[in-house]
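Now, the feature entries from TrEMBL:
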type: DOMAIN; residues: 6-91; note: domain 'ORC6 first cyclin-like'
type: DOMAIN; residues: 94-184; note: domain 'ORC6 second cyclin-like'
type: DOMAIN; residues: 332-468; note: domain 'Fatty acid hydroxylase'
Amino acid sequence: MDIAGMARKLGLSDIKLVVRKAEELRRLSNIQFDSSVMGVGEICKAVICLEIAASRLQLLFDRQSAIKLSGMSEKSYTRSFNVMQNGLGVKNKLDVRELGIQFGCVRLIPFVLKGLSLFKERFLAALPVSRRASADFSRPVFTAVAFYLCAKRHKLKIDKLKLIELCGTSESEFASVATSMKDLCFDTFGITKEKKDPAVIKGHRELLDALPGKRRRKDTGDVSDDSSIDDEDGLEIPSYKRHKHFKKAAYDDWKSSVIASNNKTKADNYRLHSKSEEDVKNLVTKGTVVKGVLLQQMIQAVVAIILFTVTADDSVVTTDMKPSFTILARQFVIAMLVLDTWQYFMHRYMHHNKFLYRHIHSQHHRLVVPYAFGALYNHPIEGLLLDTIGGALSFLLSGMSPRVSIFFFSFATIKTVDDHCGLWLPGNLFHIFFRNNTAYHDVHHQLYGSKFNFSQPFFNIWDIVLGTYMPYSLEKRVGGGFEARPTQDYKAE
């Protein structure tokens, strides 16, 4: 369905002007980036372009009908809308007065304006002089966060998700800006949470005065035998309370040591991406990934059983025939080279053929931050073209037996899982013996590396020979872990 047909279905007024603007936005997105890499299909992209065009022309737009037409869930549509809007460089214009009228909180307007002014002043004061000129406060997320924090401080209910949608940002960025604003302007945006002491409440105080033995003593220090007498009331502190105090202090020391020990042994010290990046950048849930991998394994198992049944020769007894180590090594090397060659050219063709990439291979690239159990998450047709046919060719051309092939394909699967695990672990044998490793394949999964590092799963020979190799350097990331960064200039396609 073309954009004009979609506009008619959505009941937009002034269709010609909206369609012209939407087509312009779609052409611009095709030039600037490949939206399918981010999981945005063509129908969804057209609907999003219509919504952006309608908002720019200040026309009414029914988002619920648009979500239904796009075939996506509301959450996925909102995420795709934000990705497209940021990719096109379209900025929403948020005005504090309009927000006050829209959410029915007009009395918040002066507080929001004062808080924003104070935040800008304090933020600039904290920056070095050389960076103050480049500070940008024009983004709508600052206005939205200030409005939300003021409403929260004045105990007014505001739809946070609606605000995030209006400013075209993500929940993580919204939370980050909110934390920054509360830290710098706690006197304006912060909320003090204090628990009142029961002793200062009149009703409680009268009761405690009548029963001084029930008064709770403050644990401001160690309780010793010399301090077992309360000077004020002449009451003796029971020994079990002193023992309880000592046990609590010992438990707190033990707990702090355990927490410190756990923090030192976390896998975050070896990650190529932080956990927050995994949650934000990936365009598919882990449950969907698990279902896709199980389907892929079922198909592979059926094909393998059929292949072994067809190639088996019952007329020859091979129980006592044990091939030599030299023959096994030769078969492994041949199978590795055949599988690498097939997968390189098929993989590269799937990236350059827009139809295959958009409808098949882009499913695997929804994992921008890969993890181990998502290594074999791909379209079933891709599994047949790359893994099944490639595996069958390597099995047949190497001449290995079904028994030997079990070890070979197990090794290939483990290698593939390691390439997608996202961890740069010390002493990893795959990292030592193979240049085609976790960091090498992680570069390919990023937007800047989608036209490079096609080789998989063993060697990077074809990338080097055909000029699709992107060198990288591993650098330590602030906060723990590593980051694979390209060491040569690249041209985004």
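Here the Cβ of each residue, glycine as well, is placed from N, Cα and C on the backbone.
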What are the DSSP helix, strand and coil residue counts for the domain 'Fatty acid hydroxylase' (332-468)?
95 helix, 1 strand, 41 coil
Per-residue pLDDT averaged over the domain 'ORC6 first cyclin-like' (6-91) comes to what?
81
Secondary structure content, the domain 'ORC6 first cyclin-like' (6-91) (per DSSP, counts of residues)
64 helix, 0 strand, 22 coil
What are the DSSP helix, strand and coil residue counts for the domain 'ORC6 second cyclin-like' (94-184)?
67 helix, 0 strand, 24 coil
